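Structure record follows, encoded as structure tokens.
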Amino acid sequence: MKISKDSREFLENLRLYLFSSGKNGKEIEEIIGELEDHLFEAEKNGKNVEDIIGKTPKEYMEQIANEMSIDIKGLLKYIPIIVIGAFSYILLGDAIRGELEYSVFEMVGYPFIFLFSLLLTSVLFKYVASNKISKIKEWFMFGVMGSTPLVLFIALIFLDRFYHTPAIQLGVVGKVIAIILPILVFVGIAIWSKTWVSIVLPIILFFPEFILDRTDLVESTKLTVSGIIVPVCFVAYALIVMKIEKNKEKKLTEQ
Amino acid sequence: MSSSQILKGILEGCLLSIISKGETYGYEMMEKLNSYGFSMVSEGSIYPLLLRMKKEGLVTTSQKELPSGGPKRKYYSLTDKGRDELSEFKERWSDIANSVNKLLGEEG
């Protein structure tokens with residue numbers, strides 16, 4: 001269906017808003033499809049998106065969101081997977097570097113940072129989706145969103161050095177588990193989500209480091225090489241995925 | 001009760017009545033409302049209402065392919081509960097309308 005850019009943007013923002021509010025994905029697509037149908041018909045008759053929603057986008061989005069229940073079952077499915085995935089990533093990274101020691105501080109801090117970041121992301125997404133803000137402000141928001149967990153992690157590491165709390169060190173069996181378990185999780189997520197992301201991403205991020213650590217290169221050379229390889233692989237992978245998605249879309253529209 | 005809430009209740013009753021005349025979709029409902037002079041409601045405001053009516057079990061929906069091909073369109077039809085609600089609304093409305101008309105008639 002061909003609708004105007006303004007209408008398309010409104011629908012995309014509504015989708016983001018409802019998604020960040022924890023609504024059911026299928027129900028979201030249903031209401032989006034219905035509104036798209038309406039906007040298409042309305043635009044044929046010379047009306048625009050502002051005529052349709054009547055109020056500010058934010059008010060209208062709130063109204064829609066209020067009539068949709070929160071998809072607890074869906075959230076219970078996604079949040080643990082995100083958290084488990086992130087932990088597997090940390091665990092595997094540490095296992096490869098051989099730094100398998102965790103203080104109580106870290107064990108409490110990591111989950112806290114994750115949940116806090118998820119919450120922050122949801123709040124900021126909703127704000128960006130429902131308010132007309134400048135591109136600069138939007139990028140600033142996304143910057144805050146992306147850097148908050150990083151800043152919190154650094155703070156955690158410093159606090160951890162400052163205040164010593166009891167630590168747990170994993171033995172040999174622990175180390176083997178710390179490598180096998182994350183790999184199983186990544187494969188599991190890949191099968192569940194039917195995408196390769198959860199397998200390809202850890203390979204891109206860890207494999208160069210893993211190989212370089214086994215060479216005789218100087219530390220600074222290692223850093224430079226992995227500093228080049230990782231982003232290059234990352235961009236290459238993103239481009240390939242985009243191309244595949246575009247082809248899929250083409251096929252869909254041709255049908 | 002604010003005026004918008006009163007309007008919502010009335011609008012819900014009108015939507016029930018429109019749907020009771022046969023399966024229909026959002027844009028068509030809006031056109032019918034407009035043809036009866038409902039210009040005070042913004043077009044989009046029927047969708048939050050339709051969502052609620054579906055949640056309350058007054059209507060059911062089905063996705064139907066358009067004859068022209070293209071994406072599916074969502075059609076609404078009334079449930080038994082919706083029909084009961086409509087007849088209740090009709091009674092409530094005629095009571096209110098009678099009273100208001102009587103009162104305003106005496107005034108003039």
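For all residues, glycine too, the Cβ spot is worked out from N, Cα and C.
The domain 'HAAS transmembrane region' annotation in TrEMBL covers A:89-204.
The transmembrane segment feature in TrEMBL is assigned to A:75-96 (among others).
Using a Cβ-Cβ cut-off under 8 Å and counting only residues 6 or more beyond its ends in the same chain, the transmembrane segment (A:108-127) has close neighbours at 16-17, 19-22, 79, 82-83, 86-87, 90, 141-142, 144-145, 148-149, 152-153, 156, 159-160. Positions annotated as transmembrane segment by TrEMBL: A:108-127 (among others).
Feature annotation from TrEMBL assigns transmembrane segment to A:139-158 (among others).
For A:170-189 (among others), the entry in TrEMBL reads transmembrane segment. Sequence-distant contacts of the transmembrane segment (A:170-189) (same chain, six or more residues past either end, CB-CB distance under 8 Å): 81, 84-85, 88-89, 91-92, 94-96, 98, 100-101, 198-199, 202.
The transmembrane segment feature in TrEMBL is assigned to A:196-212 (among others). Beyond the ends of the transmembrane segment (A:196-212), by six or more residues, the same chain brings 85, 89, 92-93, 96-97, 182, 186-187, 189-190, 222, 225-226, 229-230, 233-234, 237, 241 to within a C-beta distance below 8 angstroms of the stretch.
Under the heading transmembrane segment, TrEMBL lists A:224-242 (among others).
Packing against the transmembrane segment (A:75-96) from elsewhere in the chain are residues 22, 110-111, 114-115, 118, 175, 178-179, 181-183, 185-186, 189, 192, 198, 202, 205-206, 209-210, 213: each is 6 or more residues past its ends and has a CB under 8 Å from a CB in it. Helix, strand and coil counts from DSSP across the domain 'HAAS transmembrane region' (A:89-204) read 94 helix, 6 strand, 16 coil.
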